[in-house]
Amino acid sequence: MVNSLLFQFLIAVRKWLTVYLCSSIIPATYFVYTYVMAMSLFVPISGRSGPNVNPDLVIGLIASLLCSMIFGYLSPLILLVWKPWRLIIGLIALYVATVLAVITTPIGFPFSQQSPERLLMFHVERNLHNSSGSSELKSDSGLWLYHIHRRAPQTYSVYPWFKDLENVDIDCEKYIYCGMPFYYSRSTKTDV
């Protein structure tokens, strides 16, 4: 009688597990689709956000939120494994190996020969006038580097010509868009 009850209980658990997994397919598929669409939208946008915003934090926050939505309701299934600590240790080891591979190899570096770092460089001549346009306040010319990436100033500093550039931050306090002739909505005083 005990064997019969135990057998019926195991069959009931397997039926429940089958129903649970089958009912999880539709939301998991939807959240995976949402994850792919969110990443295809936010990764290119955040890569061009300039040096003021750390895009890694934004993408990491979105990825962790969506991953918790995908796998949050599947985590109770770990308890059905005979030795769940082995599975958990294996997942932690896989995570650590992935993080080490990204940190210590070129996999984690965003620029390569096939995908070089983008740089907007303009040769500009500035003729700044007063509000009536009658008298000239300032006139100069030079290269204007617009930073697209967060690490742009550090990567340019290896070139000798970068050390001789003059920063125009003082003009940002007096003139709109730092007195630059290019009206770009993301123009900030961090541009050189």
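Heads up, the Cβ atoms here are built off N, Cα and C, so glycines get one too.
Annotation comment: TrEMBL describes 12-102 as domain 'Endoplasmic reticulum metallopeptidase 1/1-A TM'.
What TrEMBL records for 25-45 (among others) is transmembrane segment. Outside the transmembrane segment (25-45) by six or more residues, the chain places 58-59, 62-63, 66-67, 69-70, 73-74 with a CB less than 8 A from a CB of the stretch.
Note on the transmembrane segment (57-82): residues 17, 24, 27-28, 31-32, 34-35, 38-39, 42-43, 46, 88 of its chain, located 6 or more positions outside it, place their CB under 8 angstroms from a CB of the stretch. According to TrEMBL, the transmembrane segment annotation covers 57-82 (among others).
According to TrEMBL, the feature transmembrane segment maps to 88-111 (among others).
The feature domain 'Endoplasmic reticulum metallopeptidase 1-like C-terminal' is assigned by TrEMBL to 115-188.
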Legend entry - Composition by DSSP (helix, strand, coil) of residues within the domain 'Endoplasmic reticulum metallopeptidase 1/1-A TM' (12-102): 78 helix, 0 strand, 13 coil
Inset, instruction - For the domain 'Endoplasmic reticulum metallopeptidase 1/1-A TM' (12-102), provide the mean pLDDT of the predicted model. - result: 83
